[in-house]
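*Asks:* Sharing a structure, written as structure tokens. Questions coming.
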Amino acid sequence: MFNGKNILITGGTGSFGKTYTKVLLENYKPNKIIIYSRDELKQFEMSSIFNSNCMRYFIGDVRDKERLSVAMRDVDFVIHAAAMKHVPVAEYNPMECIKTNIHGAQNVIDACFENGVKKCIALSTDKACNPVNLYGATKLASDKLFVAANNIAGNKQTRFSVTRYGNVVGSRGSVVPFFKKLIAQGSKELPITDTRMTRFWISLEDGVKFVLSNFERMHGGEIFIPKIPSMKITNLAHALAPNLSHKIIGIRAGEKLHEIMISSDDSHLTYEFENYYAISPSIKLVDQESDFSINALGEKGQKVKDGFSYSSDNNPQWASEKELLDIINHTEGF
């Protein structure tokens with residue numbers, strides 16, 4: 001699907017973008033991979049690792065629609081990974097978060113239309129479901145924009161979908177690098193917000209492969225959610241440092257005890273497939289008569305029961321401490 005195609009990744013110098021680029025180069029023969037981001041140092045560092053002839057590096061911000069549109073010329077597929085994502089930072093800088101996560105999302109949509117992009121997938125987060133913080137609220141708004149964009153598309157070829165998942169192992173600013181840094185510094189204890197806290201868990205590699213698959217299975221308008229394990233934060237801390245004690249510091253501003261990826265309010269829109277769920281649009285899409293119980297590959301899903309929810313505390317799949325370490329070690333070696 002990606003052989004001979006032009007692919008643009010917003011926020012492409014981040015953990016996801018670098019892993020996505022690696023997987024594309026190892027498994028496909030794209031014509032161009034365009035890394036669109038605003039940090040020149042990160043682009044310089046990435047270009048020294050990924051220096052294939054097909055690589056292109058564009059300095060630009062998703063807040064700048066004109067620059068986005070220039071970068072998207074002749075692009076076939078877009079992965080929108082750029083976001084302001086750290087919950088406390090967003091709480092203290094709300095308008096900056098809105099400009100990047102909401103206005104930036106609309107700019108991506110507009111640039112896709114202007115350039116006749118075939119498909120665009122936006123990355124979302126479990127925090128967008130029943131949000132209690134600004135980051136989650138902006139990502140919910142972003143999700144709504146990308147789903148509704150399929151109506152704006154009308155008879156045009158551009159289609160938009162969303163991929164939502166939980167905590168990514170080893171991503172910048174996540175809990176694993178934070179804990180490992182404290183351990184390396186000789187800390188005698190690890191800070192835990194609440195012993196009851198649970199989170200969804202996915203490796204960078206699995207996240208990338210899920211997005212790649214969604215390009216093939218999407219009609220446009222779906223929110224894709226992978227079936228992934230949950231973990232307790234205390235189990236993660238013990239797996240990384242079994243001899244260290246835990247210091248309870250309390251939940252930070254905007255945090256939840258448990259994350260939700262599908263709320264019971266969306267159960268009437270949700271289909272279960274073998275390895276993932278798909279939430280169909282809550283609005284009728286004009287000029288698109290898709291049966292969301294069957295994906296574009298012809299695979300059939302089943303409607304979930306009324307009242308179904310998918311949260312990190314009611315998840316039937318849990319990662320053991322050994323599995324957590326295996327995922328961490330595999331991610332670091334990937």
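Heads up, the Cβ atoms here are built off N, Cα and C, so glycines get one too.
As the structure is a computational prediction, the values presented were derived from the model and not from experiment.
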*Asks:* For the substrate site that Swiss-Prot assigns to Lys85, Asn167, Val175, Arg252, Glu255, which of Thr193, Thr234, Thr270 is also named?
*Replies:* Thr193
*Asks:* Just checking, which of Thr13, Ser124, Asn167, Ser171, Thr193 (binding-site residues) has the fewest C-beta atoms within 10 Å of its C-beta?
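*Replies:* Counting other Cβ atoms within 10 Å of each of the binding-site residues Thr13, Ser124, Asn167, Ser171, Thr193 gives the minimum at Thr193.
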*Asks:* Which entry in the list of recorded positions, Lys42, Lys127, has its Cβ near the fewest other Cβ atoms, using 10 Å as the limit?
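*Replies:* With the recorded positions Lys42, Lys127, fewest surrounding Cβ atoms within 10 Å: Lys42.
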*Asks:* Distance between Lys42 (NADP(+) binding site) and Lys85 (substrate binding site) at the Cα atoms, whole Å?
*Replies:* 17
*Asks:* Compared by Cα position, which of the recorded positions Lys85, Lys127, Asn167, Val175, Glu255 is the closest one to Thr13 (NADP(+) binding site)?
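*Replies:* Ranked by Cα distance from Thr13 (NADP(+) binding site), first place goes to Lys85.
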*Asks:* 10 Å Cβ neighbour count around Asp39 (NADP(+) binding site)?
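*Replies:* The answer is 13.
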*Asks:* According to DSSP, folded down to helix, strand and coil, what is Asn167 (substrate binding site)?
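*Replies:* In the DSSP reduction, Asn167 (substrate binding site) maps to strand.
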*Asks:* In the structure shown, which of the binding-site residues Ala81, Lys85, Val175, Arg252 has the fewest other Cβ atoms within 10 Å?
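*Replies:* If we count Cβ atoms within 10 Å for the binding-site residues Ala81, Lys85, Val175, Arg252, the smallest count is at Arg252.
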